[in-house]
Each structure stands twice: as C-alpha cells, then as structure tokens.
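Peer 1: Please read through the structure below; I'll follow up with questions.
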Amino acid sequence: MDMAPDELDELRGSAQRALEQAIDFSFSCQQDDGHWVAPVSADATFTAQYVMFKHAIPALNLDISGAEAAALRHWLLGDQNAAEGSWGLAPGLPGNLSTTVEAYLALRLLGVPSSNPALQQARRFVLAHGGISRVRFFTRFFLATFGLFPWSAIPQMPAELILMPKWAPLNIYVLSSWARSTLIPILVVRHHEPLYPLPNAQSDPNSGFLDELWLDPTNKEVPFAPPLWDMFHGRDRDVVKLAFTLGDKALAQIGGLKKGPQRRLALRRCIEWLLEHQEETGDWAGFFPPMHGSVWALLLEGFSLEHDVVKRGLEALERLAVNDESGKWLQSTVSPCWDTALMVKALCDAGLGLGGAEAAKGNRHARVTTAVDWVRSLQLLGPQGDWRVYSRNQRPGGWSFEYNNTWYPDVDDTAVVVMMLVTHDPAAVESNAVEMGIEWILGMQNHDGGWGAFDTNNDALWLHKIPFSDMDSLVDPSTSDVTGRMLECFGMLLTHRKGGLRLRPELSQRLHESAQKALAFLFREQTASGAWWGRWGCNYNYGTTNVLRGLPAFCGDKEVARAALRAVLWLEKCQNKDGGWGETLLSYGHPDLAGKGPSTAAHTAWALDALLRFRPASDPALQKGVQWLVSNQVPKTEEKRHWASWPSDLYVGTGFPNVLYLGYPFYHHHFAISALARFLDRTDEPDQDRDLPLLMTRHVVTTLTRHDILLMVLGSRGDIDVFLSIAGKLAKNRHRVRVATHPAHQQLVEAHGFEFYDVGGGPDEFAQVLGREPNLLWSVIRGDLGRLRQSLCRTFARFWEAGYGSNNTRNARNADPKANGIADSRPFVADLIVSTPATTVHVHAAETLRAPLVLIAAQPTLPTREFPHVFTMNKPRYSPGSWWNYATFFFLELLNWLAMGSFVNKLRVHTYKMKPLCWVWATQDFLTAKIPLVCLWSSNVVPRPPEWHDEVMVAGSTTLAQVDQFTPPLSLLEFLNADMEKPTVVVSFGSMFIADPPALISAIASAAAQVRAKVVICRSWRWKLESSLASLPSHTYVADAIPHSWLLPRVDGFVHHGGAGHTAAGLRAGVPMLITPFFLDQHFWAAKVHNLGLGPEPLEIMMRAGTVAGIQTHQGKMQFAQSMQDLLSGQYSRRCAEMSERVRAETDGANVAADVIERELGSALARSGHCAVVPALPAQWQHAESGLALCGVAAASLVTSGMLDWDDLDAITRIDWIARRQKDPKSRLHAICFVADWLGHAFGMLLAVAGWLLQLVGDVRSVGRVKPHHNTDPIRLAMMERSMFDLNFAKQGLAEAELKGGAFEELLARRWRAAVAAAFERRMERTGNMLLGEGCQG
C-alpha cells in the first residue's frame, strides 16, 4: 500500500538525515592524503599461520611471555566460537575443522596448555568432526613443517612446474593469479621439507604433540587423496583426478624428482620469479599467503634475515598486522584503492561531485577531489603484469586493489575507478585515464563473453583435480558479478551526455560489441530462479544486483528485459519481513538458501540500488527497505567501532567460496550512501511510470506469474512423502503446487498445505494383487495384472485431467495464506508436470499441455546392464553385466504398452485430438528420450550407470521432516528406556497387505524372544488388534506411524520389506537392516543392502498373498531368529555408520529435484517469452497472423472487446514434444512400425467405407492425422477460462488506479494496435530486403 504524502515526506526527511550522518562519518575517517581504507577481517587462519611462521624462525623473536604473544593469544581466544569451541570461517557460521586445528596449534605454540578449557572444548569439536587427519591440504602442509604429519603424506609438488612453457596445458600461468603467486614459493618449501622444533623441542611425528586431536595417533600416514579404486570405479570416479593421483604416487616413488639435474634450475627459476615479482615496498601480490610464503622460501634458499629483499618482505608482512582492543591479528589483504573508489563514487552519487549540490558545503569538494587524484595516481601504466601472458591486448591501464600490486591489476577495481572518475567529473569521459582503463578492460574479456578478476581465459577447471587442490580456487573464470559490473560501467559511458561530452564513436562501437557478448554470457549463467551467482560477494544477492545495475542501458532488447524482470521478481521475493535484505554465506554450499538470511546494510543497499533502476521510489517494498536503513543506522558514537554508519559484524565479502570469507566494513557504509542518494533522487522525479507495467507490479504481477506445477504420484505413503518434500521446496518459491494422488493420501497432502486432486485407486490394490506373484513380469504374462487394468484406466485418465481440471475436492489449502483465495479460484493449467515414471500418462499429458516434464524416480527405471528392471525381480539377487538385465527394461515396457497402450491411444485420439503412438515409441523412444530424470537415492548405494543419458541425476535421498512435529507416546518412551541391556529392533512392512496381522505379530515376538531383544512393530494395516494387543509379551510394542527419523537412531536393528523409503531411512540412520522382500523393487534394495555389508542375507520366507505361512513353520521361525541374531551381532555397525555419514553428507535430493524443476520451468518460460502488450506477464497465446505473443489478460481483453476471436489465437508451445520425437534417431523397429501403421491406415479406410455403407455406429479408432477442434479441446477451454479470470483479477487490482471504466481495455487495445503495426512493418521490411536482394542478383 502506497504511503500518504506526509508519510513519504517524513521518510524522505529521515533518509536525508541518515545520509548526512553517513557522509559526515565518511569524511571523519578519511586519511590525510585523501584515501580511505578499513581493516579487512577474515578467519583465524592468517593469524595462526603468522604465529607458526614466527615460531619456526627463532630470529623473529616471538617471545611467548611478551606483549606480542599475549596480544595474539587474546585475539585468537576471543575469536573462538564459545558455543562449540571451534573457529569458523566467518561470524555466524558453524565451526571449520581446518581453521580450528590451525588456531589450536597456534595457541599451543603461544604457550597455552592443552588442559586449557578453551582448548579442551576445541579438542572435542575436532574429534567430533573426524580428527586432525581430515584437515584440508594447506593445514596438513603447515602441520608437516612441525613434524605433526609425515611429509610422505603430503602430495608431491615438483618445482619443475616453473619450467613448463607457457603453451603447455599445465604451466604456472594457467593458474589464477593468487594460486600462482602462492604456489611458486610453496614449491620451494615442499622441496626442502623443513622440520621446525615444537615447544617440547620435538619435531618427530611420534613425539605425541597434538596427539589429542587424532582419532588414531598410532597411524599418521593417512593418504591425502581418496583410494585409487574409488576414483576408477567408485562413487568418486574421476579419470582426470585418477591420472593426477597416479602421477603423484609415481613421483613419490622416485623421490619427487629432487635429485635430478633439473631441480636446481627449477629452484633458481622460482627464486628469480619471486625476486622479479616483489614490489619496491616488499609486497607480493598484496595477499598474505604469497607474502608469507615468499619470505619463507627465500630463507630456505639461503637468504639471510638481513638481506634487503627479506627485510622488505617482513616489513610488508607486518603492515598486514592490526593491533586493536581485541588483540593482534593479521589481515589477509588491504583494500585502499577499492575502498576509496567506492567511497568517492558513493559521495558523488550523493551530490558531492563537481557541480553537485552538496559539493560546496565546507571543504567537501576539495577533499573528494584529493581522493580522486589519489586514486588516479595509482593507474598501472608500467611494463609489469602477468595478465600480458595470454591477453590479446598489451596496453596497460588498470588499477589494483591494494597500495602496491603492479603485477595484478583488477578488472572489477578498474571498472569502479572509471565510473568514479566520470561520476566525479563528466569531462573525464574523454580523459586518457578513462580511455586507457576501458581499453584494458576490453582486452581482458574472456572468450565466453564474461570477465574474471585478474586473468583472461583462466578457466581450466580440470586443475581442481590436482591432488593438492581441495579449495576449488586454482582458476579465475568469468563470473556474473564481475561481468555485471562491466556492463554497469559500459552503460554509464554509452549513455553519458553531460556537457555534450561522450566517448569516441570507435570506442563506443567496441563497447556495444563487447556488451553483446557479455549479455549472452549472463543469459547462460542466469539460474532458473532468475538470480545470478556471486563470486566475490555474498552471494546470489550480490551477483544479481551487480548484474541488474548493468542491464538498464540494454533493456531495449526483449531478451534483456525478460532476464531483468525475472531477476527483479526474484529479488523482491527475497525481501525480509523487517524490510531489509540479507543472505547467509551458507548459500554457497546450499543454493536453497539463496537470498535468505538476516538483513544487513550491504545486502539491503545492493537490493535498493538495483531495484530503484526498475521500480519507482513510490514502490512500498522499496520504501520499506529505505526505512530499514534509516532505522538500523548506528549512533554516531558507535560508528568508529563498526567502521561504518551501519552494523558491520556480518561478513558479506567472499575470497574463495566455502573456504575464505572477508569482512569489508565499508561495504555496510558506502553502498548504503548510494542507495539512499538514489532513493532521494527518484522521489524528486515526476512519477512518469503511471502506466500499465508499474500498475501491475507486486500483487497483480506476482499472482499472475505464479506458476502451476502438477505432481503426479502413484504409490504408497513412502512415495507421497518424497513428493511432499519436493512440493515444500517448490512452495517456498511461491509456485502453486497441485498433488494428484490416491484418496488415501488426501489428509496428508492437505495437512502439508497443498492442493489435492483425487485420481482414485490406492496402494492396497497393488499390494493385494502383486503379493500373490512377486514377479511383475510373470504377473503380466499370467494375466493377473488384468485385475488392476480397469482401476488403472480410471486413475490414468484422472491423472491426465489433473493438469487442467477444476479441483475435484474443495478442501485444498494453500501454504501461502495471502494467496489462498487465488490458489483456490484461479483455473489450474499446469505449466510443468512432475511425475513418477509409473503414472504412464505423464508424457502424454505434458504433450497436450505443451509443458515440460520432470520425472522423479525412487528406483532405477532406465536400461542398463548393471542390473535388471527392478520390477522383474523375484529374488534378492542378480548378475551384473548381463545382456538380460538390459533386455528386461524393454520387455517390461512392451508388456506395459500391450496392457495399457490401446487405452492411452484412445484418450489421445478421442479426448485430446492427438495422433496415436506406435508400440516402438513405448519400448524404445521413451526409454532413450532425454527427459530430465531425478533419481532419489544415494550414489553411494546405486552409482549412476554409464549407459544413462546426461539428463539423469542421482541426487541423493530425501525425507519429509516430521521429527519436530512428533510427540512420542509416554508408553513408547517407557518401553524404549526399559531393559536397556536388551537390544531393540524395529519391524515395519509399510503399506504391505497383511492378511493375518495377529499371526505376524506372534511370529515376530517369538523370534525376538529367542534372541533376547525388544521389538517395536510399526503397523499400517487396517485391522482391529485391540484384543490381541492386550496379551502382547512385555518385550513387544505395537504402534501406529512413528517417524523413522525419530525412531531409528534409538534402536539397534531394522527389519522391513525393502521399500525405497524404508531403505533410505535405514541408510541415513546408520542402523543394520534385515530385509524380507515381498515384491517389485524390494528385492533389488534387499540385494543392495546385503551386498554393501549393511545387513544379513535377505529373508525369502515371507508372504505370498499377504500370509505369513513362511515364518509360521519351524524352519521359518528358526531362520527368522537366526537372521535377527545376525542383525544384532554388531558386525554391520561400522559399515552402517560409515554409510550413514556419507549419505548424510549428500545434498538433499529434494533440493536437487527442485533445482531441476526450476531450471526446466525457467527454460520453458524463456522459450515462450513475454506478452507484446503487457511485458510484465508471460505469454500464454500466440496470434496466428502476426506471430505476436499475448498473456491471458491481453488475450481475454482483446477477445472481449471484439478485436480478436479465440480462434485467432493458438496456445503457446513451451516445449514441442512432436518435434522432439521427430528428432529421435530411427531404428529398424520404426520401419516395422511404419509398415504396421500403413496397414492400419488401409484397414481403417476399409472399416470407414464399410461403416458408411452399413450406417454402423461403432467405436472405430482413428489412426490418421487428427485435426484439433478448438471448441472441444478441454485444455484450450481451460486456458480460455484462466485468461478470463486473469483479466477480471487484473481489473480488480487496478480499481483504485486512474484507469477506470473502459480505460484499461482501451490502453491494451492501443498497445495491441501499435504492436501489430510494428510487427507488419518489420515483416514488410524483411520482404523488401529479400526482393531487393533478388533484384541485385538478377
């Protein structure tokens, strides 16, 4: 709701006062020579390594009883996370194992005993996370220098790498600038393998120092790389990584090339390189690791501490140290050029540039000009620069990040400096400094159209397979955030008109050409949600806002406008309830957290500055964001502590994702100045946006762009749980989710807030029929499956109708209460279908809806030689590699088509007016079609077979979170806590049909009594057992549904039927499993669990037709008891725990599935485009004559006004399934099908003639081409109904605006006429050009 004029005036006044306070603080911390710089915070790694270095070199005088050591101790202990005793990568993040070990060692070197409570707490954290053997490479490397790791456990790093020519695939210049400058000195250190004394004067791996951090201190020879077999064949299979590891092992066998004649030459080249790259001030690359490593390498090569190079290097290292009230700590780098350029640009945005309204106050103008001159003087115009090695441009002109870094100018810094210069003085657009800076930026563009930070085309990602690369930071590829900054800079220069000054035409043309390549790169990088990933700032917020600031100058292009709109809507959706924006650094490892986190001034300012380029200042969301900045500004007395006018405690800068995060306090300051200044400028402008796009923002646009996603679920409770987990992820992105499934699941679906659609049938039907014959293949052959056909036909028809039909139950509730009315009343037409493979009609429904399809499988369904189709197994064993395995997939699909194909074709032809399909499509084309398939099981259990296509992802398992909602009965707790010396076993057979539950309970209780165990039996069958339960033995407990995630961690064994959900729960809990398979995929999972050593051999004595005859015999009872004894023997516990750890470390499969769904949906919407009349809305229709796309609102309005008829419009095709089938390669089977099809045509014609002659009316199947009937197409009718709804809803949303009566329709009609005229003008122009070309050829 818009603010009243007096409220807006009050907000403007508050924003102006906040801006003034921030400007005053800016000048209060300006340095004497005009520049700005604030300390750059990081984790404890750099301070800890500084302590190690000074301890290793006694001449550096680190006296543990002195003031310096006390200050270092004080800071390290103060940086510890008190809650868990760890040291993390940034405030608010969980502890990091490697950082904690480094801090622990540093404190021990500083004299803190291991008995210190802080170190005791740290020790517990380290051991809980696997111990010291699991630290990253560089931590292991530093530990080796003190003998705490044997050098033989450190990967080889041959110094000969420096000798590789620049054209070689592997040489120092294919590494990123930071990796190159860090690695070269480390090559020297690795050659020397130094061993420095510890406080107890020991440097022997067996000395016992730090043994308290090892799980097994007797074995420190722990390989860094995973086992070779895993890289060759296991879940970590990677040929490149395997080759590097084999090379490393081969080098180790021959002594790492140390004794070769080339080693001395290599070391000399390393030292020459270091000497060449040292700055006059002693710095190397302006970054702690190369500065620290270079001094270290020189000392090992015989340079004395008094040598000028070493002295200057040590002085540069000390300049990174900060002494404040928290103690002494080390910065990773310093950022004066970056800080100053951004600060000046912000101040100029606030009117302090030349001629600005604020510049005349006091001496502000002079102080800003001094800062500009200071930055300008840092332009790098000399011959240095590693960027020259591969850049096609050899002309210098960039700026670096730090005071002294002539070798590594920064693309990002250079663009900001150029914008700063032009913002301060419009005449600078024609200056040499700006032109040379732009020339240098153009020369640094990568072949993919984007920009990295320091190098060109530095994108050899395979380098991350090198054994010592565990931080994924060896290269500097193109990133969206840097590329967006370049476009912002280009856009400013291309639209610059102040004072009649502009860029040279030749340079402008080059900027345009470069920008087109950059835009193409950004289109490829945009995520399905509309956001962009941020490499150098946290994270999707930073990446997205950087790009958005670069797009306005190019939004004349429709593709740019669409990309911008998607990003704007995503950013608006991420706003927190308090009005601000924030994002946790955890989003780098968990993309589902993108845009989520506590509000910060930096994130809020980034969002506001970007959105104010697309939305008016009157937008309520933006005003709420400005109010957050105003309300959260710190008092003036607190500014110096924060180095900002807003809280700066949370880090928002990124060094290396998931490895190093940086705290730039000025980020929370100067970006907020720019945002407030832009808001105030926009409120001064006349509101020129009172046109349709902005009237339809927020409520209307958000509602009408909310996508309909249909989930088709056929199966048991375990199957529906998986889909509800996925539905929860989709609902968070504000999609409308409809779950079509059996009525047995209605209560569960609606309890989770999703719309339910009843398709009939139920899992009990399957269990009763298939329990008689476990092998589905034989069930089909024997005809047993015919009992299900009639029910399945009804169910499949309803699945199809669920994609467009009105809700057949009125109890559906939406998770978003604000959209509840719209979700219930807006006609549903699926924009995307998500289905289990078993629903059969999924691809046909997707074809009729012209919508993308994503399949979700809980068991393997694509052909492979690794195992047979799981539905054809009747024993828990199989032979890998058999041709029969591969054939079973096609054979089963053929039988399925023989059973259901005629019904499917009948629906296709008669109901949906589509062509029928041949059996070859079902048995070959569908199985080999590249339809996205997400496999929800762990790759540790079933790795991805090599035969499967690229669109198949083994995503990991998923669970439906229920623990927080579950309150266990008191009787259950008492049962579990009683007789603790007895092991407890859980027995659950899921949705299996049990004909005689009392007999089953009796058999289970008897077996448990024989092995002296307690047993919890989870029932799901419908049977009144109250009389039987009263006489249960004391060691038996029968319960209804209990969440596996709550119960399984509390027991010692798990007996179940082998369902995919039960198996995944057992794997996650790490509990040994005994599987008694009934039918279908249960035999497959039973075989897998046993083969992996996670439980005893499966029991094959269980039920047929739901009976328990197998275990009621004496032999059956004995076998059941023996298997249960084996289950509880403890021999499977270790393997189960290891598997649990691996499974838990995997990404939640539901997150992967949601990402795939978002990607497919985004791609489909991008193909359909946006409305030619209302660009804010996606297209649903296409005008046949002009080819113009229309949204539902525009189409319904034009039809209602009589300008168009519905027959003039075709539904937009988001995915062309017909064309997709035609692209599939043909086989001999297609030739057979063609002949059969031809004969069918002939036979059909004979039947038609006979029917006409005899005037017979029958169900004669048409096999020819079907012409669509617009008036009877149910999906088209549903789309028309939705379009009329959208029109009425949009008009209601505009009721309070100036467009009343027929003005809305009149505006749409005017836009339509203009769009049609423009379309025909373009067509005539193309026709004229073609005729002109033909005339010239004549």
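Cβ atoms are placed via backbone N, Cα and C, with glycine included.
Sharing the features that Swiss-Prot gives for it:
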ACT_SITE  ASP412  active site, proton donor
REGION    1-687  region 'Terpenne cyclase'
REPEAT    19-61  repeat 'PFTB 1'
REPEAT    69-111  repeat 'PFTB 2'
REPEAT    515-556  repeat 'PFTB 5'
REPEAT    564-615  repeat 'PFTB 6'
Peer 1: Could you list the residues of the same chain, at least six apart in sequence, whose Cβ is under 8 A from the Cβ of ASP412 (active site, proton donor)?
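Peer 2: Correct list: ALA453, VAL482, ARG485, TRP536.
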Peer 1: To the repeat 'PFTB 5' (515-556), which of 19-61, 69-111, 564-615 is linked by the most Cβ pairs under 8 Å?
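Peer 2: Out of the listed stretches, 564-615 contacts the repeat 'PFTB 5' (515-556) most.
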Peer 1: Could you give me three numbers for the repeat 'PFTB 1' (19-61), the DSSP helix, strand and coil residue counts?
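Peer 2: Summed over the repeat 'PFTB 1' (19-61), the classes give 25 helix, 1 strand, 17 coil.
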Peer 1: Cβ under 8 Å, sequence separation of at least 6 from the ends of the repeat 'PFTB 1' (19-61): give me the contacting residues as numbers and ranges.
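Peer 2: For the repeat 'PFTB 1' (19-61), the sequence-distant neighbours (Cβ-Cβ under 8 Å, at least 6 residues beyond its ends) are 72, 75-76, 79, 87-90, 96, 98-99, 102-103, 105-106, 109-110, 142, 145-146, 194, 196, 288, 292, 296, 299, 305, 314, 317, 320-322, 328-337, 339-340, 343, 346-347, 350, 352, 358, 364, 367, 370-371, 373-375, 633, 636, 639-640, 643-645, 651, 653, 655, 660-666, 669-670, 672-673, 676-677, 680.
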Peer 1: Is it possible to list how many residues within the repeat 'PFTB 5' (515-556) are helical, extended or coil according to DSSP?
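Peer 2: So the repeat 'PFTB 5' (515-556) is made up of 25 helix, 1 strand, 16 coil.
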Peer 1: DSSP says what for the repeat 'PFTB 2' (69-111): how many helix, strand, coil residues?
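Peer 2: Split into helix, strand and coil, the repeat 'PFTB 2' (69-111) gives 23 helix, 4 strand, 16 coil.
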Peer 1: Where does the mean pLDDT land for the repeat 'PFTB 5' (515-556)?
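Peer 2: That stretch averages a pLDDT of 94.
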Peer 1: Give me the DSSP three-state residue breakdown of the repeat 'PFTB 6' (564-615), ordered helix, strand, coil.
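Peer 2: For the repeat 'PFTB 6' (564-615), the helix, strand and coil counts are 28 helix, 0 strand, 24 coil.
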